[in-house]
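A short worksheet on the structure shown next.
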Amino acid sequence: MVRELLEKARGLSIYTAYNTNVDAIVYLNGETVQRLIDEFGADAVRKRMEDYPREINEPLDFVARLVHALKTGKPMAVPLVNEELHTWFDSHFRYDVERMGGQAGIIANLLSNLDFREVIVYTPHLAKRQAEMFVRKPNLFYPVVEGGRLVLKHPWEAYREGDPVKVNRIFEFRAGTAFKLGDERIVVPFSGRFIVSARFESIRIYTEPGLRPFLPEIGERVDGAILSGYQGINLRYSDGKDANYYLRKAKEDIMLLKREKDLKVHLEFASIQSRELRKKVIYNLFPLADSVGMDEAEIAYVLSALGYDELADRIFTYNRIEDTVLGGKILLDEMNLDVLQIHTIYYIMYITHADNPLSEEELRRSLELATTLAASRASLGDITSPDQIEIGLRVPYNERGEYVKLRFEEAKRKLRTKEYKLVIIPTRLVQNPVSTVGLGDTISTGAFASYLAMLKEKGEL
């Protein structure tokens with residue numbers, strides 16, 4: 001079932017933009033964490049944890065947020081806004097791996113390695129170091145304008161000298177890692193990652209003016225678009241531009257992609273620390289999207305920005321499925337989405353309206369493909385061929401699977417759901433993942449691509 005659906009999806013052409021970066025990965029151990037705590041002192045770290053810095057301006061901000069992430073076992077991303085800290089990080093850590101990062105880059109390489117018919121990736125900054133991190137496959141293209149025409153080149157042939165490179169530092173942690181914060185012994189409850197995401201003025205999210213007139217041609221050429229990276233927009237820039245300017249351009253990009261046909265557009269949402277920016281992204285872009293993907297922390301952030309603070313707090317505090325379902329229904333209706341996809345450690349969920357062309361069984365198959373691809377990636381660290389889906393098929397569903405199904409049925413009984421199609425499946429959970437980076441992107445890509453493939457088969461695309 002999963003194999004056949006992947007085969008159908010591989011016949012699609014997909015456009016993805018905007019964010020790529022270099023991921024510098026550190027595999028954390030208890031000794032490294034202990035060294036960092038000892039350098040600053042447990043009291044100073046604990047006090048800064050209470051302050052809960054929203055961005056990293058100095059090393060202690062980093063250590064405090066890292067220890068908080070390890071203590072909760074939840075994946076987190078915090079922006080680094082002080083460029084001078086590059087030297088501190090590089091002197092304190094040896095990077096185990098450098099590879100493609102950024103949602104658009106990860107998604108492009110994944111689709112290309114799965115042998116999709118055509119993958120067009122766009123990022124406004126394409127330095128040689130970045131371009132060389134794209135896989136060298138004949139189905140992967142980067143759009144450029146030459147002689148007044150749209151030309152598709154391979155990314156490694158289209159780089160520009162002098163373009164800036166964004167480096168994100170990713171600290172992978174394993175469940176069971178132990179260290180001490182003063183007298184408190186902390187054992188990490190879940191595997192995950194802590195991302196120090198560079199947020200510098202030189203890196204912006206936009207489509208170059210010369211390429212924008214050709215977005216309708218790209219939209220007509222592809223079956224779907226996956227857009228991401230809006231968390232990289234700053235509220236204000238020193239040259240006078242601001243978030244409103246870049247979000248206006250982002251809205252225009254979506255409308256241009258959809259101009260020649262009703263192109264299905266998926267937005268992959270990522271945590272945005274600034275409530276003001278989060279609200280702007282939601283209200284400007286979600287109503288133009290057909291599909292949105294996020295995790296349970298991100299849906300809580302979104303609901304908070306929309307004014308549903310009590311519900312958001314319940315999701316943050318209790319992680320109850322019924323609260324996530326209620327929040328998903330609100331978001332689906334208020335933003336007029338076709339489909340909302342929510343992924344967590346233990347389950348993946350689709351929420352659509354009752355008139356969605358796909359049946360609940362078909363939606364379930366889409367999620368099965370998504371979790372299987374993610375299990376393959378977690379097992380191997382990356383997916384380099386479509387055959388590797390077999391690895392994911394051998395990964396068992398997590399031990400909370402039956403509990404998830406039970407709570408989901410209870411939630412459906414409690415809430416009015418007749419106007420919706422609600423589907424949930426337990427995740428295939430790798431106990432000791434090689435890497436957790438890109439798992440959410442893999443889930444969303446597998447889900448959206450298979451969703452498109454089944455729509456196309458029904459003549460609905």
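Glycine residues also receive a Cβ, built from the backbone N, Cα and C atoms like all the rest.
Features of the protein shown, as given by Swiss-Prot:
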| type | residues | note |
| --- | --- | --- |
| ACT_SITE | ASP441 | active site, proton acceptor |
| BINDING | GLU268, GLU298, ASP441 | Mg(2+) binding site |
| DOMAIN | 1-457 | domain 'ADPK' |
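Taking the features listed in Swiss-Prot, we show where each one sits on the structure.
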residue	record	DSSP (3 states)
GLU268	Mg(2+) binding site	strand
GLU298	Mg(2+) binding site	helix
ASP441	active site, proton acceptor	helix
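Cβ packing within 10 Å was compared across the recorded positions GLU268, GLU298, ASP441, and the lowest neighbour count falls to GLU298. Neighbours of the Mg(2+) site: apart from GLU268, GLU298, ASP441, residues of the same chain with C-beta atoms within 8 angstroms of the site's C-beta centroid are GLN103, SER228, PHE269, ALA270, GLY293, MET294, ASP295, GLY440, SER444. Taking CA atoms as the reference points, the residue listed as 'active site, proton acceptor' and GLU298 (Mg(2+) binding site) are 14 Å apart.
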